[in-house]
Amino acid sequence: MVNTLKAQLLIHLHKNSPLLGSHNFLKFSSNTHISSEFEHFPNLVAKVCDILCELQWKRSPELHCLSPSLKPHHVAEIIDNHKSGDVVLQFFYWVSKRHFYKHNVNCFKSMLNRLIRDRKFVPADHVRILMIKACRNKEEIAWVIDYLNEVSCDPNSVTYSTLINGLCNEGRVDEALDLLKEMIEKCIEPTVYTYTVPISSLCALGRVKEAIDLMASMRKRGCRPNVQTYTALISGLFRVGKLEVASGLYHRMLKDGLVPNTVTYNAMIDGLCAGGRFKAALDIFNWMEGHGSLPNTGTYNEIIKCWCLAENTEKAMVLFNKMLKVGPPPTVVTYNTLINGYLKRGNLNNALRLLDLMKENGCEPDEWTYTELVSGFCKKGKFDLAANLFSEMVERGLRPNEFNYTALIDGHCKEGKVDVSLSLLERMEKNGSNPKVETYNAVINGLAKENRFAEAEKLCNKLAEKELLPNVITYTTLIDGLCRNGGTHLAFKIFHEMEKKSCFPNLYTYSSLIYGLCLEGKADDAEMLLDEMDKKGLVPDHVTFTSLIDGFVMLGRLDHAFSLLRHMSDVGCKPSYRTFIVMMKGLQKECHMLEEKVAVQHEAAYSCSSDEKEFSIEMVCNLLVRMSGYGFEPTVDTYSALVTGLCREGRTCDADHLVKSMEEKDLSPNEEICCSLLGAYCKSSMMERALQIFHLMIVKGFEPRLSIYRVFICALCKASRVEEAQALFKSMLEKQWNSDEIVWTILIDGLLKEGEFNVCVKFLHIMESNNCSLNFQTYVILARELSKADKSLRYKSGC
């Protein structure tokens, strides 16, 4: 390419030889003020030129003092006038690195002219590329192309590719596509790189159809896509939910003889995880490990996220352990993902322990780490600990951002401490952190729940003053608050207002309105909203259906409630335990009405008790029979919801009875049922039944979580069956676990919490004898907890 440029420029220079020594060679035509401006700074240019004559000019204190005053037109004059072309080129690069200065296209033009004049073609080619990259808009691009044509340096594939890349990086994809079209019209063949950049940009914008068409056009012109092209398109397809098409493209890539790289695999794993296809993502990861394609940190982070989304932090921690031992080392993203995984499962203790481990391993927590922790602790009502974490964040030199404040504000609002939230909002503004719409939404939600709508309205006005547009959450928050406080008619006014402002209601908006209407005895009107949701492509969830079913139950229309329950199942929405409780409330009411032989009274419907513990196992069985009578048989999911709910209430015998009834119908308990029963049996000290259900889990191929082992081992110890607990613990160690997590979950949160001090120490020795390596921080945590347990034992024994 340099030789071509050299040859072209030499021909041009020979044709225009009289101009070679002239200062007017390709004189600027676009800047008419250079001469007049130069007159105001004659000494500056001359002084810099003098300094550049010195051998050590880069170290000149005077140059460093003068350089902030330099403007592009000064630099252009220096380039044109200084006697040494080599020094000028060095100065050109030197000044471009000053933070206060930036070349414009005229500077590049002067430098290119000088290099051409001095026949320095290699640096001229480099400056040409830099000039192209410096273009800020379409006009400058056109100007540069005309200029390059003017010097017989016709733009080539590299020129256009560089321009297309620059435009795409700035998000100006349509302009890049126009340039690609122009390139083809001028018979300049685009390279695979030229095509790949806009394909990647189109995918990033969700314009995947255009990206596919561009790849097809690329193929027609005989340009074969490379790994990067395929990877960009595969990633884009996954991002828009086209999982099958993306997988098909991957296989097409293999047929083309291309070997996917780690970036390709990461894109596929990320896409499959986002689409809920965890097994397929894990298969790719395992294939990578087995075929020498080493996963990088990004790969591990995606799989760890995958396991956390599947609520299996134990598997995620195994991978984390592998990263610690053999690499690649975990990053702040790895730790944040795992912390978030624990918080979502409500395991606050392990989230904090992981934070300790993070700091011990030299990985500094960031704002997101603390945002997740503060939010997680607030959701569980642990406001003191959340406040401590917030303070710790500030002490570590991290400035709280709007997300940190919003997490704390939202948590207090959900706990009913709205005044505390308002104080935090005020403090947030004083500290220079601008509240976002989400922050105001949290406070508006708290105020609406407490029926403080006047204050909520003031906050909405404040949103408008700050030029923040209310979003669907803002409107839905107000609608929900009004519906829960008997103001459904006002809620509908807000609903229509939001539609006028092109803010489209979501599932939660409709669910709030349906709840409000049903509360007012307008279930038929609420059901019409269900039809409206369907037309808008919104899918009701179990909360929406349960509210509507409850509305018809309160009106005494049990037949219609059963029809809705069937419709709920038909559309693939699983009824929750709460749904079945509502149905049993209807059955109970029907039973009372038959006994008393009275007409349906709306007042009676409203006063009918819905205390779940009042429903006997006979009522549960009656519900299942009635479901069959309405033409839909109870499924494993039906029994799962009921058994889990009964176990949660401590009604172990009733749950056991239901499982036997289920098995009589040739329905086998699923993992959720087994876990619920095992926990209930252990709590009720029914150890033989617990052993039976545990063995059933193993036979069925269910992998008990650490939390299940903890419950079972502690129950065995409590029942003085320590040897069985020890045998179970040893068999557990044969499986893949993270050793630190075993200590946190089994030893600390299990045995020590239950007062099994000696067993805890014994199990620690068993782990060490089995070469289970622990992080130093885990020993510190365990020593601290053992010390607490020891002090507690001494206190209880009076020592």
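Using the three backbone atoms N, Cα and C, a Cβ is placed for every residue, glycine included.
What TrEMBL lists as repeat 'PPR' is 156-190 (among others).
Annotated repeat 'PPR' per TrEMBL: 191-225 (among others), in sequence order. Sequence-distant contacts of the repeat 'PPR' (191-225), counting only residues of its own chain at least 6 positions beyond either end whose CB sits under 8 Å from a CB of the stretch, comprise 157, 160-161, 164-165, 168, 171, 173, 176-177, 180, 183-184, 232-233, 235-237, 239-240, 242, 256.
Residues 192, 195-196, 199-200, 202-204, 206, 208, 211-212, 215, 218, 267-268, 270-272, 274-275, 277, 293 of the same chain sit 6 or more residues outside the repeat 'PPR' (226-260) yet have a Cβ under 8 Å from a Cβ within it. For 226-260 (among others), the entry in TrEMBL reads repeat 'PPR'.
Residues or ranges marked as repeat 'PPR' in TrEMBL: 366-400 (among others). When the repeat 'PPR' (366-400) is classified with DSSP, helix, strand and coil residues number 26 helix, 0 strand, 9 coil.
Feature annotation from TrEMBL assigns repeat 'PPR' to 401-435 (among others). Within the same chain, residues 367-368, 370-371, 374-375, 377-379, 381, 383, 386-387, 390, 393, 442-443, 445-447, 449-450, 452, 466 sit at least 6 positions outside the repeat 'PPR' (401-435) and bring their C-beta atoms closer than 8 Å to a C-beta of that stretch.
Residues or ranges marked as repeat 'PPR' in TrEMBL: 471-505 (among others). Non-local neighbours of the repeat 'PPR' (471-505) in the same chain are 437-438, 440-441, 444-445, 447-449, 451, 453, 456, 460, 463, 512-513, 515-517, 519-520, 522, 536; each lies 6+ residues outside the stretch with a CB under 8 Å from one of its CB atoms.
Outside the repeat 'PPR' (506-540), and at least 6 residues removed from its termini, the chain residues within Cβ reach (under 8 Å) are 472, 475-476, 479-480, 482-484, 486-488, 491-492, 495, 498, 547-548, 550-552, 554-555, 557, 568, 571, 573, 602. The repeat 'PPR' annotation in TrEMBL covers 506-540 (among others).
Long-range Cβ contacts of the repeat 'PPR' (541-575) within its own chain (Cβ-Cβ under 8 Å, at least 6 residues beyond either end) map to 507, 510-511, 514-515, 517-519, 521-523, 526-527, 530, 533, 582-583, 585-587, 589-590, 593, 600, 602, 605-606, 608, 626-627, 630-632, 635, 637-638, 641. What TrEMBL records for 541-575 (among others) is repeat 'PPR'.
Mean pLDDT for the repeat 'PPR' (635-669) in this predicted model: 94. The feature repeat 'PPR' is assigned by TrEMBL to 635-669 (among others).
TrEMBL lists 670-704 (among others) with the feature repeat 'PPR'.
If you look up TrEMBL, you'll see 705-739 (among others) marked as repeat 'PPR'. Sorting the repeat 'PPR' (705-739) by DSSP state (H, G, I as helix; E, B as strand; all else coil) yields 26 helix, 0 strand, 9 coil.
The repeat 'PPR' annotation in TrEMBL covers 740-774 (among others). Residue counts for the repeat 'PPR' (740-774) by DSSP state, with H, G and I taken as helix and E and B as strand, are 26 helix, 0 strand, 9 coil.
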Let's see if you can do this one: DSSP helix, strand and coil counts over the repeat 'PPR' (156-190), in that order.
26 helix, 0 strand, 9 coil
Cβ contacts under 8 Å made by the repeat 'PPR' (740-774) with residues that lie 6+ beyond its boundaries:
313-314, 317, 321, 325, 349-350, 353, 357, 706-707, 709-711, 713-714, 717-718, 722, 725-726, 729-730, 732-733, 781-782, 785-786, 789-790, 792-793
Under an 8 Å Cβ to Cβ limit, what residues of the same chain, 6 or more beyond the ends of the repeat 'PPR' (670-704), are close to it?
636, 639-640, 643-644, 647-648, 650, 652, 655-656, 659, 711-712, 714-716, 718-719, 721, 735
Summarise the repeat 'PPR' (471-505) as counts of helix, strand and coil residues per DSSP.
26 helix, 0 strand, 9 coil
Residue list, the repeat 'PPR' (366-400) vs rest of chain: Cβ under 8 Å, 6 or more residues beyond ends.
332, 335-336, 339-340, 343-344, 346, 348, 351-352, 355, 358, 407-408, 410-412, 414-415, 417, 428, 431, 433
